[in-house]
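Colleague: Sequence annotations record features per position, and here TrEMBL assigns transmembrane segment to B:6-27, B:70-88, B:100-122, B:134-154, B:174-192, B:235-252, B:258-284, B:296-314.
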């Protein structure tokens, strides 16, 4: 039997078992049983994905599963990559989730409904890339959206913000669905069939305008799922409000599906397209990267910060995808393959470190009940393991050498730098700017994660909750440990992914040479002279660190470190209130990007009643609203609300008026029919 | 080849470690003489380091591993960079790994560790220093990478020894508009990266103007010696890199002992000259206000962008 089919079958079985267990079991055995089943879904999905990456293909038609259209499934290496990533994330997060939901009774994530939906969500995440017809794909797509929406809402009793986030998420997800439905329906209507096989075969016969429309419609929907501007508004709302494991699944596995969609439709189904498609993707990606990381720099909510960083990283992935399309349109296959491989490698790395960061942030929230960095601090002493694991994730997120984020960004920069040799003014303008955007987002990302790690975990507690935190239970640590091992593996040996990436890129379609090969656990490019071997970097750094530690000790004093109180320029023993907070840490950056961010500052001065010269109270408020939301969403929402209020006058309760509307409607229909004929 | 190649790496690393305090001493001496002071002598930084190394390090209450390991990490990253970049020879065993992006990232890693150490102390000064340092670092990174792009376009690779060897083969490239613009951009970025005037004052102890110093206030003894040595080594490596990239003459392109010796002398002379010029310039510069720094860096970024554009549009003919 085919390994992919066996894996997917096992995942479906575990999913059904887990959902049933979550729905019927009493609270005590519910969590471990449903959790283990969800982990099984992940492991089986990951195994199926790895088998597909290894070259095993599989496709089947199951007509009975869905009325009318039936279902079509097909797994190639590209699907395999996304399935493997989602499966691995699901496995680790499911183990983590057993601990996260325990000890809180029957509420929130431990509730019957949540535990029944969670395995479904996990299964849908793994199955989306396996769908091979428009109807199958849309059903699964909607299933991920609905199940994740239910999971985002589980804590709605505790915080009112959850409900508002849920509304935003529901509306944006379904707007995306409408766009997707329109785009794919148009595509299927012109291709004369809705199976991906037919779409692929007839894509070349479509008129250019239709192809462009299909790409723009589906691209907008997929980009919204990936949190790209300007359709990103749901992401920094829904991801922070979801419980820890759900945020991790959404940020590390669900957003990837947006990239999958763009790669699948853009490269595979439509077979590539003109340069303007891909310039659009690159622009959107670059803007999302910088916008996301700037919002993250201003955020003082730990989970919002991570969510904005997700938008940034997916933006970088989109830059790589767009560059791949641009190079393919210019006829340079090998470079296109390299750029796409870079994008996919960064996506895999992002999934690993972002799942780790979100689970670690979930541990912090579970231990303290606080997400506000300004009230955290000093957790290193109370939660040393969580702090260490968060540091591993943060090292990946800043994209600096021993971390796992570096290889992907390095490969992306290499592909952009070498793309400059291609002709065309668009290339000459867009590529340097893309490099600048990547560099700027990498620079700000360093500041963001120094802030997240340094303010939340270092120094001393800034609030009572942080001072009384406790280390997380073993299942949570085990789940995070799995993710940290994945991060370390990806950081040390990205070359191991080489053959799989090659197959995935080849399956996606930009035809060209094999870009990345395995050599000494490093990345070496075939037609480009550049080598990176992370293992060597780590070895060199370790050697240098040993030298820098041992030589001064051998030469200088061997006396032990003495403990002393903080000097602080003679001030001595500062209180936690005197330490820098996240807001003050980000203040210089806020000033530098003042024109872009447009922060709102209010100073309220209350004067004493006796004299205007005496001040009784001063209140200062600083808010950095999302400017795109401010400029784009608020006018649209306002116009909608006005239209709604005005439309109310149309329905004043008079039956005669309603009969008149019916008559007019019928008349208009007749006119349309008569003219249309 | 390999014996001389390994010797080149060893001599270069040794020269960076041993020569960095001398370079700082030289710059302080130049500055002192220009200001009409006698100065403490070129060897004073070495004496300071020796003195500090003999004193025990302090572990302030409430600090953790980040604070304790940062000095060694800072020195370690700079050591790796110091052995990677082609200062003496372009033909070394590590030449294939000396990627310009990797070098930029390793330097940023050193900055990040020190910024985390500053936050770990939990004092207002530490936080202030690391906040400012990270703000500047976030803006330096695009400039550095853009200059990297401008430099690697003509050579067609980001490999540093290849870029330098390319420049040795074809020196006219250095005088092209792209080369000059990239040199200017990289110089500003190096000043920011090493915390020199006009971006940061390395000799200040006035809280309002401190950036680097504020982060390392709590260090003492051995730790302080390492932090100071790390900062001095960064300056030496980056000035050496500037010298290699834009005046590559004298660098050994093949593995021979005589070439190596000549390259060492040439490197010492070039870096000493650069240091003297920098020190002399610093006498006449005032430190910029912190919030004027982004303007300077934006200017430098623009220069790098112009360098890229120039190399693109002027290279075809």
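Backbone N, Cα and C define each Cβ position, glycine as well.
Remember, TrEMBL labels are computer predictions, not curated facts.
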Colleague: State, in range form, which of B:70-88, B:100-122, B:134-154, B:235-252, B:296-314 has the highest count of Cβ pairs under 8 Å to the transmembrane segment (B:174-192).
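Modeller: Per the Cβ under 8 Å count, B:296-314.
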Colleague: Which sequence positions outside the transmembrane segment (B:134-154), separated from its termini by at least 6 residues, show Cβ-Cβ distances below 8 Å to it?
Modeller: 100-101, 104, 108, 111-112, 115, 163, 166, 173, 178, 181-182, 185-186, 188-189, 192-193, 199-200, 211, 245, 293-294, 297-298, 300-301, 304-305, 307-308, 311-312, 315
Colleague: Let me spell it out: take the transmembrane segment (B:235-252), skip the flanking residues so only those 6+ beyond its ends count, and list any with a Cβ under 8 Å from a Cβ in it.
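Modeller: Cβ under 8 Å, 6 or more out: 8, 16, 19-20, 23-24, 78, 81-82, 85-91, 103, 107, 151, 160, 163-164, 167-168, 171, 174, 179, 183, 186-187, 190, 193-194, 196, 259-260, 262-263, 265-267, 270-271, 274-275, 278.
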Colleague: What stretch, picked from B:6-27, B:70-88, B:100-122, B:296-314, has the most CB pairs under 8 A with the transmembrane segment (B:258-284)?
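Modeller: Comparing B:6-27, B:70-88, B:100-122, B:296-314: B:6-27 has the most Cβ pairs near the transmembrane segment (B:258-284).
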Colleague: Below 8 angstroms Cβ to Cβ, which residues of this chain, lying six or more residues outside the transmembrane segment (B:6-27), approach it?
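Modeller: Sequence-remote neighbours of the transmembrane segment (B:6-27) are 40-46, 49, 78-79, 82-83, 87-89, 91-94, 229, 232-233, 235-237, 239-240, 252, 255, 257, 260, 264, 267-268, 271-272, 275-276, 278-279, 282.
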